[in-house]
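Report on the following structure.
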Amino acid sequence: MTSITLGPLLFNWKPDAFRDFYFRMADAEAIDIVHVGEVVCSKRTPFLDPVIPEVIERLQASGKQVVASSLALIMNDREAAQARDLAESGLLVEANDISVAAMMAGRSFVAGPLLNIYNEGTLATLEAMGAVRVCLPAELAADAIGQLAAKAKMGIEVQAFGRLPLAISARCYAARARGLSKDGCQYVCADDPDGMAVETLDEVPFLAVNGTQTMSYHHMSLLGEVGDLVRRGVSSIRLWPHVTDMAQVAGLFRAVLDGRLAPAEAEDRLAALVPGAEFANGYIHGRPGHQYVEMEL
Amino acid sequence: MDSMRCQLRKAASMIPGHVQSSVRPAPPPFSPVLLLGLALQPLRPQMLQPLFDAMLRMIRARHPDILERMADYADKPVCIDPTDLPFVILLDPHPEHPALLVRRQIENGEAAAVIHGSLETLVALAEGKVDGDALFFSRRLVIEGDTEVVVALRNAVDGAGIDLIDDISAQLGPLGTAFRRLAGTAAGLAGRLRDDFETLRASLIAPAVKDVDAQGARINALEAEIRQLRKAQRRGGAA
Amino acid sequence: MASTLPPSRPELVCPAGTPAALKSAVDAGADCVYVGFRDETNARNFPGLNFNRKELAEGIAYAHDKGAKVLVAINTFPRAGQPELWHQAVADAARLKADAAILADIGLIDHAARHHPELRLHLSVQAAASNPEAIAFYAERFGVKRVVLPRVLTVQEISAINARIAPVETEVFVFGGLCVMAEGRCALSSYVTGQSPNMNGVCSPAGEVRYTETAQGVTSELSGFTINKFAANEPAGYPTLCKGRFIARDKASYLFEEPTSLNTLAILPDLIKAGVTAFKIEGRQRGRAYVAAVVQAFRAGVDAVMAGRPLPEIDLDRITEGGKQTTGAYEKAWR
């Protein structure tokens, strides 16, 4: 059966909101695997560290598989030490920087979507190192995903809902947008719990900013494509957390995967859950990521 | 993707300060080349065609890699527009029937792209003496239409290591040495003339430039105001 | 610090998009020239650019004759199910006796290490190895000898990395176009245009660029998205999408980065002290004039520092993007 994975929360939410969110997810029936951990900015971790143990405990008590996600960009000793702590935590770890995969070598780990895994050669190396599941980069089209799934022994996961993480930087654009530096950022990324919208000079929606991470403006929605992807060998789909009822979002994907709900109907309901969001699915069709290819009815 | 096809007419007026197309940079109001342009004005461009035929033969003989690098753009002619001369050059890069045509104008759809710049700029670019990106950043070079074919041509020409004076004198055989000397003298003369013209030009057009700047600032202020008004009206978008 | 020995003279690694640029770079004093094949195996897969096999053989002969090395960048990520083009590129680099191949993909590095053990391997910046653990992974597992560091690190961080990874060498960018995102970890270009550095070897491809002249100046577009608007006399930039003007929080600004070029001439002594083995100049797409000017400037700069002379004053303004320069991430304030 296809698993539904809740990706790590990429945004900077207040610790209370963070804990409440994951507690609710513990009760979300449609979700099988839950990722927890700061991926984007190491400056955020001290605030979350106190609540993470209870979150993990609660999720595990509800029967969810819990995975600890690593930082995406490790640039100094402090961040490397944080990653080593994660590697020694005894939890299943998701490597989002190649250094974390190296730390995990010889043990089971998840290869995250922010590693560059584009072909069977890289997949084989990671498999040999101990990767048990890989979440593929957003750029890959269905053909490439099928090629990889056909050759992989490990589970293949595809990002199916939410703003796509597209780039990571040393520079913080949430701070820069307010004339602040990263060092003196005042944690302003918390003002945008779903990301800060970025428009062109003609006020056309373009991208979104989550601190040092640049994301798609559009919300990826693969409700119309998940059936085909499963036939191509995809074993799990990843939903990125947003400010909405993620339990219901997961329920829609589960209903479509089970054949209980038509994808078009599911997408209408999804649109109601994330009002104002614009959907995209271009990448999976081999087109620019921001584009939306209509479902065949 | 379908490329926009370009059209360009060289107006009879090569009068300093007159912009013939909305896209072309204004020709440098006074320059030695411009005087040459005025002198060439009554000439039919066809009379110059043999010169460009010879140049194409030279390119095919001495720099075959230019057309090889353009192979992917065989059906995308590029119009080169020396803004201070009364004609344009249409380069058809097709490997089987390449052509370098001199024209007064090109018809709609004839060129995939147009490159506008002063003759001096274009020659320096062809010889790899200046950086194309820098010229573009400074707006001394303006391109129109299919950017990809222009980039390909720039890279192909830059990669060929063209030296016009060397190349032409090689074509001339024994006359080459004399040509080289002549060209050297002419280049020196043109350089001195250009410096004089620069001084004259700067003093003539400075007031006009200032006025344009002020207008620009006013337009920008108005645009900002309009944007604020539109923003206020707009519904709250996603996120 | 790992060592108290005086730092050795760093190699100057210079770009060449064409044979003519390779000659310009070698003649201007490059220690190494890096090039790519004319296809999507390298991250500067631009129209009309790069080398065929014959040109590479001739280029290597020219460089070796003058005591310079040639490195071949094969630094995109092979397409799933179709690795042949990339495998052939590595085989040809080895056969033509390139001094090293610059690779980014783990699978391709693994292939090269197994099938071409004689070929020296450098890790491309596109692999984004930004810490000692990542570098050790590539060095220990595949025998990678040098790592090009991503342009996200400060001089201090680079120094700390060098102290921990010897004998693996590091190479850092000293001049040219500046990625503001961690290289090789950015899909903005494919999100907008369908083509990306990782998959196609291009960012903000020229075929998707359009300039429109308006009454107010020039508008630059990428795949129909406005990237910037320039007033009539303002210097215009190429619409690299992370260097455009965008609106966030009701304010238009260069949100990610201004059109600017990295220039580290002024901090060369610090980079040399940080123990960097090689200095890399960006710009295989920039042509001979650029290559000659920048290589000469940095040749003079490196030689001056090594001889204990003051840094030469060299103005590179005219070849920088938008006429603006930055020391980028090397100084912490950039972040």
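Using the three backbone atoms N, Cα and C, a Cβ is placed for every residue, glycine included.
Automated prediction, rather than curation, is the source of TrEMBL annotations.
As written in TrEMBL, here are the features:
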- C:CYS179, C:CYS186, C:CYS203, C:CYS242: [4Fe-4S] cluster binding site (BINDING)
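Shown on the structure are the features that TrEMBL records.
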residue: C:CYS179; record: [4Fe-4S] cluster binding site; DSSP class: coil
residue: C:CYS186; record: [4Fe-4S] cluster binding site; DSSP class: strand
residue: C:CYS203; record: [4Fe-4S] cluster binding site; DSSP class: coil
residue: C:CYS242; record: [4Fe-4S] cluster binding site; DSSP class: helix
Fewest Cβ neighbours within 10 Å, where candidates are the binding-site residues C:CYS179, C:CYS242: C:CYS242
Sequence-distant neighbours of C:CYS186 ([4Fe-4S] cluster binding site) in its chain (C-beta under 8 A, six or more apart): C:CYS179, C:SER196, C:PRO197, C:CYS203, C:CYS242
C:CYS203 ([4Fe-4S] cluster binding site), number of other Cβ atoms within 10 Å: 24
